[in-house]
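For reference, the structure discussed in these notes is given below.
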Amino acid sequence: MQCFKFIKVMMFLFNLLIFLCGAALLAVGIWVSVDGTSFLKVFGSLSSSAMQFVNVGYFLIAAGAVLFILGFLGCYGAHSENKCVLMMFFSILLIIFIAEIAGAVVALVYTTLAEQFLTLLVVPAIEKDYGYQTDFTQVWNTTMEELHCCGFNNYTDFNASRFVKENKVFPPPCCANPGNHTVEPCTEEKAKSMKVQGCFKEILHRIRANAVTVGGVAVGVAALELAAMVVSMYLYCNLK
């Protein structure tokens, strides 16, 4: 009986933390969606890479909403000893766990396919908005300067852009030499000779270089999810 009470309290506290984290992510997501410029000023290049490939605001709102609901179900289920709510909590967590495993497998096996898919989304945005939408341009400039890369794939992503057509030059990072000193004006010939790597490949390279850390975080998250599922099922099975 004492063990049951202890696990019940731990379940409540653990899910209270998830609930608060979800609320925080929701708040940040709404902030980013409403005022992305100030978010970028506060977090700088820390957030710029991610903002190239996902709409950070909507992503945070979605993740925050899931955590918020999950935390609420866990807290309410443990506190009220409601078997139906505990089963809902377990089911949602199981679906998330399976989706994460599937996503990891797809990311590992179909990296090239993911690159092609993202190219179809990102390159047209570069061609249309770079140099004309302030937030978009600032994010890309920060990313290219911090990661020492050019475009999504390489400098050719800018060939059909309004920016190059009207200014006849490429962004300075596309002409950076190994010492990261830019050669200006950055013409197509100079950009071609410099062979600056695309930002997608650079991000992949950095992720692989930190594979142990990334893997450790993934294993830690998976372990927490498994523990939460085991605890919720234990409470479910021991409730009358």
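Glycine is no exception: its Cβ is also placed from the backbone N, Cα and C atoms.
Residues Asn154, Asn159 are shown; Swiss-Prot lists N-linked glycosylation site for one of them, Asn154.
Around the Cβ of Asn154 (N-linked glycosylation site), 20 further Cβ atoms fall within 10 Å across all displayed protein chains. Residues 7, 10-11, 14-15, 74, 89-90, 93-94, 96-97, 100, 104 of the same chain lie 6 or more positions beyond the ends of the transmembrane segment (211-231) yet place their CB under 8 Å from a CB of it. Asn154 (N-linked glycosylation site) falls outside any helix or strand according to DSSP and counts as coil.
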